[in-house]
Every structure is written in structure tokens, then in C-alpha cells.
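The structure appears right after this line, and notes come after that.
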Amino acid sequence: MPPSGRKVSPSVSVVAGATAGAVEGVATFPIEYLKTVSQFAPRDVHGNQQRLSPIEVVRSTLQKEGPKGLFRGCTAMVVGNAGKAGVRFFAFENFRSMLKNKSTGKLSNSSNYLAGMGAGTLEAIFAVTPSETIKTKLIDDSKRAKPRYEQGLVRGTASIVRQEGLAGIYQGVVPVVMRQGSASAIRLGTYSALRDWLPKAHGSGSSLINWLATFSIGAASGVVAVYGTMPFDVLKTRMQAIDAARYRSTWHCLTNTLKTEGAAALWRGSVSRSMRLIVSGGVIFSVYEQVVWLLAGPES
């Protein structure tokens, strides 16, 4: 069974996934903004590193840019979220079909997690890296005294490509693949395991569960994914920032961060990210299931 607890066509999984991703992107962007800004390694006028709390980030952003500042880079994330969720659910359902036991038609828990990892790797390459690089650069740029890029998704992306080439929107691909592959394995694997277990635990003959249960297990799977993949997320953000050239590689970024800021820096932004993924997990799986129901009809 796919995440919706039923077999759905590839076209339905893509549309349902893309719709869920777009809704989730809008609903959680302010929290994502706080997480991203808190992961930068900002410096004061003397070159000393500063640490900003989420409250300080909100206050500073509202003072300088108003409420719209909390949505800087939102369009890039919504477009990227729609694309990556469409790829994720399409790939996940296809990988699950490929990994099913040929004789029993069932899927083991390990195969569930492997399917999630495969889906995460594909979405990282085709959707997540470019969209998150653009989002990160636009947010980072908006905080600088002299912005380098034009505002807005289209003009901002054009500025990045013009100045840095296509490689400019594929920075940090290694940590993105590491983060997305492991996060999707944990998130989709955990959700599917709970999704399959819940109806059985209640003695239900149907795979249908109510929206509150869907939201709850989606949120729970998001929290588990956060703390299992947070270091990858911090490295990804730093490798995609405007001053990422100071890192020779992902390994250099890791060792430099540990040397100058300590291991705690690898979990910076974890509170903001866990807040986002609690909402994200609940929203994306709930919307996905509802869109599947609308497009494919009630379960027979």
C-alpha cells in the first residue's frame, strides 16, 4: 500500500503530491525562514560570529522589511515543494511496487525505508537542490547591506544563473542528497509503518483512517526525521549560502564548523525545523490523502 493506504495511479500520485507540497510550503514558510536564517554564521562589523535566536530573527526582519520579509524566497520554496513532493510520492510508490515480495505481494519494513531513501535521493537531485539553493541565496542576500541579486523568484534566479552559471543553483548537492535520502527514508518509512499498523490495531477491516490520525502520524514521522538528519540540513544551508566559496567541500564545511563552533552548531535551527516538520508532516500527508480521495474516489 502507498502512503494513502491504497493503490493509486502514477498520475494521481504526482498531482496529489504536488498539491500537498504546495500547500505545505505556504503553510510552513515563515518557520522555514527562521530556521534558515538561524543556521547562517553571521558576523558583526568586527568579523566576530553572532548567534541569533528565532525571536531576534523575527524582530530584526519585521523592523527592516515588515511582515513580507518573513516570506522572502517563499515562491521558490512553494514551486520547489510542489515539484519535490510530486517526485517523492511518485517515486516512493514505484519503488514500493518494485520491492514487494513477489510471492506474497507484501513489503517489509526495511524495504519501506529503502523505498523512502530512493525517493528522497531522486527528489534531492531533480527538485530540492535547485529550489533550496535559490531560496537560501535569496534569504541570505536580503540580509546583506548591498544585495547582489534582484528580488523575486524569476529575476532572482536569473541573477544567480547570470553571475554564477547553472552550478550556482546546484550548490550543496551532496549534503542535500544525504539529508533528503535519509529524511525521506525515516519520514516515509515511519509514516507507512504507522499507517499500516493503525487500522490493524483498532481491528478495522478497512485501511481508511480519519484526518486527525493522519495528521498525528504525519507529524510524528516529521519529528523523528528532524533529529536524525539535522547535521545534514545545517551543512546544506551553509554550502548553499552566498559565502559558500569559503568551504572547499562538504567535509571541509563539517570540520570547519566543528572546529570553530562546536558540535552543537550541527543542531542549530532544530527547534524551528522540528516546528516546521510537525506542521509539514501533518499537512502534507493529510492533503495528499484528501486529493487522492477526490481524484480516485472512495476506497472500494
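Backbone N, Cα and C define each Cβ position, glycine as well.
Swiss-Prot assigns the feature transmembrane segment to one of the listed ranges (172-191, 232-251), namely 172-191.
The average pLDDT computed for the repeat 'Solcar 3' (209-294) is 87. Long-range contacts of the transmembrane segment (114-134) within the same chain: residues 73, 76-77, 79-81, 83-85, 87-89, 91-92, 95-96, 98-99, 107, 153, 156-157, 160, 168-173, 176-177, 179-189, 192, 236, 240, each at least 6 residues beyond the stretch ends and with a Cβ under 8 Å from a Cβ of the stretch. For the transmembrane segment (172-191), the most Cβ-contacting stretch among 11-31, 67-87, 208-228, 277-297 is 208-228 (pairs under 8 Å).
For the repeat 'Solcar 1' (8-98), the DSSP counts in helix, strand and coil order read 72 helix, 2 strand, 17 coil.
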